[in-house]
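Notes follow once the structure below has been shown.
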Amino acid sequence: MAASPGPAGVGGAGAVYGSGSSGFALDSGLEIKTRSVEQTLLPLVSQITTLINHKDNTKKSDKTLQAIQRVGQAVNLAVGRFVKVGEAIANENWDLKEEINIACIEAKQAGETIAALTDITNLNHLESDGQITIFTDKTGVIKAARLLLSSVTKVLLLADRVVIKQIITSRNKVLATMERLEKVNSFQEFVQIFSQFGNEMVEFAHLSGDRQNDLKDEKKKAKMAAARAVLEKCTMMLLTASKTCLRHPNCESAHKNKEGVFDRMKVALDKVIEIVTDCKPNGETDISSISIFTGIKEFKMNIEALRENLYFQSKENLSVTLEVILERMEDFTDSAYTSHEHRERILELSTQARMELQQLISVWIQAQSKKTKSIAEELELSILKISHSLNELKKELHSTATQLAADLLKYHADHVVLKALKLTGVEGNLEALAEYACKLSEQKEQLVETCRLLRHISGTEPLEITCIHAEETFQVTGQQIISAAETLTLHPSSKIAKENLDVFCEAWESQISDMSTLLREINDVFEGRRGEKYGYLSLPKPMKNNANLKSLKPDKPDSEEQAKIAKLGLKLGLLTSDADCEIEKWEDQENEIVQYGRNMSSMAYSLYLFTRGEGPLKTSQDLIHQLEVFAAEGLKLTSSVQAFSKQLKDDDKLMLLLEINKLIPLCHQLQTVTKTSLQNKVFLKVDKCITKTRSMMALLVQLLSLCYKLLKKLQMENNGWVSVTNKDTMDSKT
């Protein structure tokens, strides 16, 4: 049986659709980085899977052949519609026209070839039992399928370049207008240009926001979110800082304040473009060192690999890796804000880890020369000991950083220093300004260092990026508050200078609030709370439009409708428990299938809470938004399962693919229902959505169970093969 195709870019860097004897693989250079492209390909991949996953030289009933022909024709028709859209895009983008047209021609030819190869009108080999024996050119179908997927992917990626071009063009317009704003000398001219700037920023915010939501890479999404947050907050700062400069053109601190805002916005704009184009200017590389928790995680994986392979790596590499991790501990031990008790405990655990690594290396050397049971047990004990020490070290570091952050946030909750700076400003008290500016600088250094420590123990790359963003924000905003306060102190009666200081102080307070949220998220990750059930919730912000505000009011169905929703929700809640039980069976909790399954269960649980009037989902619009994300996560799960199926034998693979092909249509149906407008029938829409979700969760439970069994079977077969191979090797030596 040919390897089944899976969506490009799923579970790997390249867009590889399969391998094996069929050679059903796509150009590995076609890397897919966005969810929209991936999801556009999924229905096509599913149909092609149906076409090529059949045995060669088998008897097929007339009904089966007609079904195959219908799929072939459907693929061809879908490709035809797709090509028309591609050609329209080409006509609007002359710089990409030739490339898109070539890919469209290839796609059209491949679609026609598949339709021709699955056409049964010319088959007349009817057997006596009413069955038709077909000798379809399966190699031809696979070649055409490979060409089709490759060309369709090329068109989608070229169309994606159009989106990137739009974002770059929008950024360039914003930059050009910013340059005009920097040079403006009159209020009237400033107001006109800023109005244009505001419109351009709104356009850029929409384009970059859509791109952020479309990115597959969570690290890039977090970086994009950080850059967009800077732009959003700096837009108001730019307005007040520029007005202050125009009001007080000879004030040095006002100019310094304004320049700081412009510089930060330019850096953020460049960061967005860097992310969407996936390239750094002038060949720059990411110089930020990995966090302590990430280093410990990688180190533990290396020592645990010794259970399987004693020659996997060198002793020197392990020693160097541990020393690098312990060297980074200096961020904690050298910090003036780390308590004496925490410092002593960190140093003690670091010394213990060094000693246990030396013991492990000693046993490891013995294990390489002596293959005895006692040595193997001693090696296992050494691995467990150092793993335990590292876990204790992680706990101590986490306790140190989070306790410091919590104390700091509590201490600065009333913003005494900011209030004092505002007061000294309107009083024109330069002496008091110097005193409170010094206090704010101290507070800033504390917060910056705390963010640095939190990054080490954050636990995930997106949270690491959020910590870096918080650190940079405190660093920059602290200086800007001082320059804004200095301007007000020099011009105490200036309303615009006071307004400007207020804006920067609000930005500081907002970042303090964000840091509280960040601390909660870091604790949730560390403790593995069920609080992660809300991890994928991303609610839209209410608009000022009355219609939108109306739709965001909590929906109140009648008692009968509430009872029906509650009943559906109860079944959904039970299914999330079943899914969680299946997930707990897996030894490898980092497995992609497990991660997507856990995410779906998490979101389904928040839907269940919604049916009880609890949890974070407050309105039907919140619910619909969450369901859209749930459907997308389901499609990602099917992609990972398809990738796993390629490792299985034909019968097991077919059994798994049948389950996948049940889930994919449900995901698409749920996406369709969420987009369908049902005026004054909100309950009907919610009812349909929860019913679809329940069906998907039931399939998820089956899929998780089946994948777990097939994985265990695969591991046993592989272990058996290794044992036989080793025995044959020993026999040959004898």
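Cβ atoms here come from the backbone N, Cα and C positions, even for glycine.
On a predicted model such as this, the values are computed, not experimentally measured, just so you know.
Per Swiss-Prot, the residue annotated phosphoserine among S350, S510, S538, S640 is S538. Following the DSSP three-state reduction, the secondary structure of S374 (phosphoserine) is helix. Using a 10 Å Cβ-Cβ cutoff, S374 (phosphoserine) registers 9 neighbours.
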